[in-house]
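As given in TrEMBL:
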- H157: active site, proton acceptor (ACT_SITE)
- D158, V161, G163, D165, S167, E180: Ca(2+) 1 binding site (BINDING)
- P257: substrate binding site (BINDING)
- H287: heme b binding site (BINDING)
- T288, D335, T338, D343: Ca(2+) 2 binding site (BINDING)
- 58-83: compositional bias 'Pro residues' (COMPBIAS)
- 94-113: compositional bias 'Pro residues' (COMPBIAS)
- C126-C207: disulfide bond (DISULFID)
- C159-C164: disulfide bond (DISULFID)
- C213-C411: disulfide bond (DISULFID)
- C294-C320: disulfide bond (DISULFID)
- 116-415: domain 'Plant heme peroxidase family profile' (DOMAIN)
- 1-18: signal peptide (SIGNAL)
Amino acid sequence: MAKLCVLILFALLGSTAAQFFRKDATPTHFDGLSLDVAPGAYTSETQESSPPATSPVDSPPQPYTSYPPVPSPPTPSQAPPAASPVGSPQPYSSYPPVPSPPTPIQAPPPSSPGPKLRYGFYRYSCPRAEQIVRDTVRNATSRNPGIGAGLIRMAFHDCFVQGCDASVLLDPTPANPRPEKLGPPNFPSLRGFEVIDAAKAKLEAACPGVVSCADIVQYAGRDASFFLSNGTINYGLPGGRFDGRISFENETLAFLPPPSFNLTELIDSFKVKGLNVDDLVVLSGSHTVGRSHCSSFSDRISTPPSNMDPGLATVLKRQCPANPNLTNDPTVVQDIVTPTKMDNQYYKNVLRRKVLFTSDAALLTSRRTARKVVENAVVRGRWERKFARAMVKMAAIEIKTAANGEIRRNCRIVN
């Protein structure tokens, strides 16, 4: 009789799970909370599947293993550029020790019309390249996890404007006084430039003129994800990017989706860069770390009605001025539960309407994206795996070639 009862219980649980996740089901509850999504807001859409691998990859190396020294042709000795001084970041609590990493995810790099990226690209030309970047990022995030959030954001902001070519790093010059880093989406909020400078200086000392700034930016975003997630986000990343020579402020407004975008606008902005709806939902999860200026969401707490949780809105009103401006625009944490940890808490916050941006709340305005939010919130390890694959895919956007790129000796200026 006991065995019969157990079998009946498993059958009921299986039926319930199937009903919740069946293709035509609308996720309306999470952890006892109603999603309160208007029935008319949903449209019938098919669920996307992961695209098949489209390009072969040489046996990818372990990303966190030092390669043995390999003799290489001598290169002219050149003095490395001076590293920019590290600023005084906002103090955070001591970062916990990183556990032994799991087996890293190594997805084939997406095919692209540009040069082919390869895992272990610097295996022979600069064997310790990835190790040097990782050590630099570890030192920075151990002092201030917020810098890690900035490095992840920098990887995204670089790729969406002119492709993944380190154009976001270029300083203003008389010929180009308004580069990307001065665009409203980047200035003054984007941070982590000093970490890239420090890594580049060490790489130029070890392997002059070999490692691109574009690769450093993407490696740094990868390594920041690793350290902020206590090793649960662990993936290999192919290299071989060239640095771009073009950087314009106005392109940041044209290509970087602002926090005020609705779902249709978000999907369109990602589609332009070859990313799909699943990539949009997954990469939005990076909002689980970092801080935001009050001006990025002030309309959601000052102009009723708002679909933000009333308790969160009350807290934010105490932290933010009524009309934030350049001289009075404080920052608040984006994830009120685990503000310095890369995890799936963001999706739980979305479901509880405890997120800052209109673009975050927009993920519940479609049946298709709401289902993905629920899955990332409740399935352990799902988001971390998908985030790793989406970062590899994003890091292959519009790669430069030797014809329209270079390997900068100083990440802030063209050669």
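The backbone N, Cα and C atoms fix where each Cβ goes, glycine too.
Note that the coordinates shown come from a computational prediction; the quantities given were computed from them, not determined experimentally.
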For E180 (Ca(2+) 1 binding site), the number of other Cβ atoms found within 10 Å of its own Cβ: 27
Using Cα positions only, nearest of the recorded positions to T288 (Ca(2+) 2 binding site) (H157, D158, E180): H157
Residues satisfying Cβ distance under 8 Å from C294 (disulfide bond), sequence separation of at least 6: L316, Q319, C320, P321, P324, D329, P330, T331, V332
Using Cα positions only, nearest of the binding-site residues to D165 (Ca(2+) 1 binding site) (P257, T338, D343): P257
Cα-proximity to C213 (disulfide bond), 10 Å cut-off, over recorded positions H157, S167, P257, D343: S167
Of C213, C320, C411 (the disulfide-bonded residues), the residue whose Cβ has the fewest other Cβ atoms within 10 Å: C320
Pairwise Cα distance for the residue listed as 'substrate binding site'/the residue listed as 'active site, proton acceptor' [Å, integer]: 10
Closest of C126, H287, C411 to D335 (Ca(2+) 2 binding site), Cα positions, recorded positions only: H287
Long-range Cβ environment of D158 (Ca(2+) 1 binding site), under 8 Å and at least 6 residues apart: C164, D165, A166, S167, V168, L169, A214, V217, Q218
C159 (disulfide bond): tally of other CB atoms within 10 A of its CB: 29
Fewest Cβ neighbours within 10 Å, where candidates are the binding-site residues D165, D335, D343: D343
